[in-house]
């Protein structure tokens, strides 16, 4: 038919009768909708399963074994002769449109399975793409893994090293087959190809699978190879530390490389933004690895950086950064018989000056309070600084700090770890250190008994007194000291007994009463669970 010839209805029907049925796709026949059922004049028209404000919800319904009648409501209205719609049908929506009740009086559906597996959710598209196999066809077995016949020589001969390194199964194959020592053959050839292009090597460090093979190479590297790895890593050290995958390579390099090479990596961060590194979820692990692995001379710049108050507070008040500062304190206060103790002690003193000066602000913070707790809990060289914090920061502030959500944790630990001399001062401050309110006549003990955070401090005081009286204290106590703890416990008992009818209304009050009953019977005491204030 040519030109402007017009087909009659009978001619068009005859042509349509010769159109081949739709070919199966993925084992399914995708039928075109019947033209006389493709009309929709309803206000609740939908497409792709999206409903407007007038439509109602729908669920697939069984039809008692009867064939479903496809009724695509949102198909554009057709005029003229009936036609097939193969082009339209090939672009099948990912969800089946809603059908309205037809003359059979039921909702009839045919769910279209496009076999997109997990990729139907657009939010997972990039994740699925990253997990897609990059292995060459010749290397894949029937299960999608690496064929048992594949060798490292074949991988190199086919220039498929990168494809293997960036694939989950391929990367595992390379790690298992990579020779542990340089043999002048396959080990050296693989290493050479991986490091000959610096940008490609760095991209492998950042790859979610490739980084594991790079780690394997670092583990098995000799001195000459370690120098090459170090020269590559220092070119983009800061960015690699912040990368989720590459930071693992950096940490392993710091641990496995020769000390002078690993120190060179650390020195590359000397002028970097240490606040950002310390508070980053990846970078903080690199800083901690440097502190725990290398000699103090390689990372003394980190301590000096923290000696600045602004830097110290910014890092301590972060959930990752507070752990970096704690690791620094742990390393600097290690056994005095280990190397460089004098240098470490000097740096520790500089750091503790800043922590002590800002103790009030740090103790009241959600994360920084852990740093102050850590100082108070540590023994050895830290005992001097523990006493300084209690004397200069906590004493004369116990009532206010005990009523704060985070500072109250610090007060509890201080009661638990304080030497008897300071514990005596703290107890006396709670009992006698504050003038009762002129109107209510409530003193500090009354206030803390009924406070949502302060009651944990009272529980800790009871626990300490009972532990001392029962002879369960960590250190030996003189008889006079035990008598003093007994007097404090009796004062608390008297106050609790006076207010027992009010305390029994609260769960915290019940715990205080239970603790006192346990002390009277000599039962094992359970320390207050202040973790969940």
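In case you wondered, yes, glycine gets a Cβ from its N, Cα and C as well.
Checking the ranges 75-100, 101-126, 127-152 against TrEMBL, the region 'Disordered' annotation falls on 75-100. Same-chain residues lying 6+ beyond the ends of the repeat 'Pumilio' (354-391) with a Cβ under 8 Å from its Cβ atoms: 306-309, 312-313, 316-319, 321-323, 325-326, 329-330, 333, 335-336, 345, 348, 397, 401, 404, 406-407, 409-410, 413-414, 417-419, 422, 426. Long-range neighbours of the repeat 'Pumilio' (193-231) within the same chain, counting only residues 6 or more positions beyond its ends whose Cβ lies under 8 Å from a Cβ of the stretch, are 130, 156, 161-162, 165-168, 170-171, 174-175, 178-182, 187, 240, 243-246, 248-249, 252-253, 256-258, 261-262, 264-265.
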